[in-house]
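Here's what Swiss-Prot has on this protein:
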ACT_SITE  TYR151  active site, proton acceptor
BINDING   10-33  NAD(+) binding site
BINDING   SER138  substrate binding site
Amino acid sequence: MAIANKNIIFVAGLGGIGLDTSREIVKSGPKNLVILDRIDNPTAIAELKAINPKVTVTFYPYDVTVPVAETTKLLKTIFAQLKTVDLLINGAGILDDHQIERTIAVNFTGTVNTTTAIMEFWDKRKGGPGGVVANICSVTGFNAIYQVPVYSASKAAALSFTNSLARLAPITGVTAYSINPGITRTPLVHKFNSWLDVEPRVGELLLEHPTQTTLECAQNFVKAIEANKNGAIWQLDLGQLIAVEWTKHWDSHI
């Protein structure tokens, strides 16, 4: 998918990886970039507008933990203005295994609910045009950081959901792929809580090993968007973009 002249909704587009990705997206010249985020950062929005004045950058406050009906109402407003939306990026995430319910609500349920809400406008069974979903998951969905099992499990769930979305594309007209960053130097990673405090220094320990910058991650994110491969499981790690081949251990045969 060429980003130029497209309409994009980016959930959590002002976070660590999110903001750098938003910068790279506007450089590529979409028609509209609509950012939905809990963070109200007028300075960042102004910066994005200045990077490419031809791009219309809009911000709406949004918490992914709200009910689907509230998300649908917000999307109705956005679709009324834009008429069409080409890409939804679900990027909300927290890393704090002390907050069990909220971790699951933000990292998994929020992704499911936002995607479910946009299907009202995209699903070809309802006369919709289809669309593309890019879900930010994590390499911990492949192999857990066992000291943060709640976070890791929430990302594995988001990855599984995304894989299923891709398989449903012939029915819904909506394609999907996952973005799975490795350890990226963001405020999220510097200090966070392990489950039951099993490892108080887990953030420090991770940063003792090779990492990537948010810019490296963002640049590869844009490459993944442009590749637009339904069902792709993209690993964005150490400045590299790698298509992961998923090993099938079981099949439902339906």
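Just so you know, glycine gets a Cβ as well, placed from its N, Cα and C.
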### Query
What does DSSP call SER22 (NAD(+) binding site) in the simple three-state scheme?
helix
### Message
What whole-number Å value do you get for the CA-CA distance of SER28 (NAD(+) binding site) and the residue listed as 'substrate binding site'?
### Response
24
### Query
Out of PHE10, ILE25, LYS31, which of these binding-site residues is nearest SER138 (substrate binding site) by C-alpha distance?
PHE10
### Task
Please name the residue among the binding-site residues GLY13, GLY16 whose C-beta has the most neighbouring C-beta atoms within 10 angstroms.
GLY13
### Task
List the Cα distance (Å, whole number) between GLY13 (NAD(+) binding site) and the residue listed as 'active site, proton acceptor'.
20
### Query
Reported as an integer number of Å, what is the Cα distance between PHE10 (NAD(+) binding site) and TYR151 (active site, proton acceptor)?
21
### Summary
Integer Å value for the Cα distance linking ILE25 (NAD(+) binding site) with TYR151 (active site, proton acceptor) is 27
### Summary
Counting across all protein chains, other CB atoms within 10 angstroms of the CB of PHE10 (NAD(+) binding site) number 25
## Note on the structure
Of the binding-site residues listed (LEU19, ILE25), the greatest number of other CB atoms within 10 A surrounds the CB of ILE25
### Query
Counting across all protein chains shown, how many other Cβ atoms sit within 10 Å of the Cβ of SER28 (NAD(+) binding site)?
18
### Query
Quick one: Cα separation, LEU19 (NAD(+) binding site) versus TYR151 (active site, proton acceptor), in Å?
21
### Summary
PHE10 (NAD(+) binding site) -> DSSP, reduced to three states, gives strand
### Task
Compute the C-alpha separation of LYS31 (NAD(+) binding site) from the residue listed as 'active site, proton acceptor', stating it in Å without decimals.
34
